[in-house]
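Q: Got a structure for you, questions after.
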Amino acid sequence: MLLLLLGIIVLHVAVLVLLFVATIVSQWIVGNGHATDLWQNCSTTSGNVQHCLSSSANEWLQSVQATMILSIIFSVLSLFLFFCQLFTLTKGGRFYITGIFQILAGLCVMSAASIYTVRHPEWHLDSAYSYGFAYILAWVAFPLALLSGVVYVILRKRE
């Protein structure tokens with residue numbers, strides 16, 4: 001049982017790290033000395049000087065920002081609730097609330113990555129730009145968060 005709890009906590013912390021990195025790092029779109037993320041657009045000049053400007057104030061970008069932040073909040077709340085339920089839940093009880101919040105975190109990150117993908121159709125045609133590692137980490141966090149949430153829902157507390 002101790003190994004199961006340790007595995008679940010490691011999976012949850014891994015999801016949290018992926019969500020934080022995907023939200024913070026400026027590597028959602030890369031190419032030709034440019035890097036774009038949710039918060040700023042950066043370009044590197046020939047002298048290796050990096051110039052960054054704030055991202056546009058488009059509604060779709062603000063919705064991506066909000067859903068990524070919500071996914072982090074839901075995941076942190078889920079981890080906190082897991083530890084609370086671990087000590088207060090009766091024997092045989094299930095971690096429903098923890099699982100629901102973790103599934104919500106997964107759905108939020110999926111929504112954010114989907115909106116970001118749909119709103120950039122012009123970059124699909126230009127081979128000079130590609131999706132960066134932070135964008136890929138967001139997509140990797142989605143199934144891991146869902147898996148973690150399902151495990152929480154199925155999990156029963158033992159003595």
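The count begins at 1 with the first shown residue.
Here the Cβ of each residue, glycine as well, is placed from N, Cα and C on the backbone.
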Q: Confirm whether, per Swiss-Prot, Ser130 lies on the same side of the membrane as Asn48.
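A: Checking Swiss-Prot: the two residues are co-localised relative to the membrane.
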Q: What residues in the same chain, six or more past the boundaries of the transmembrane segment (96-119), come closer than 8 Å to it by Cβ-Cβ distance?
A: 12, 15, 19, 22, 28, 58, 60-61, 63-64, 67-68, 70-72, 74-75, 77-78, 81-82, 85, 135, 138-139, 141-146, 148-155
Q: Do you know the DSSP helix, strand and coil residue counts for the topological domain 'Cytoplasmic' (92-95)?
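A: Summed over the topological domain 'Cytoplasmic' (92-95), the classes give 0 helix, 1 strand, 3 coil.
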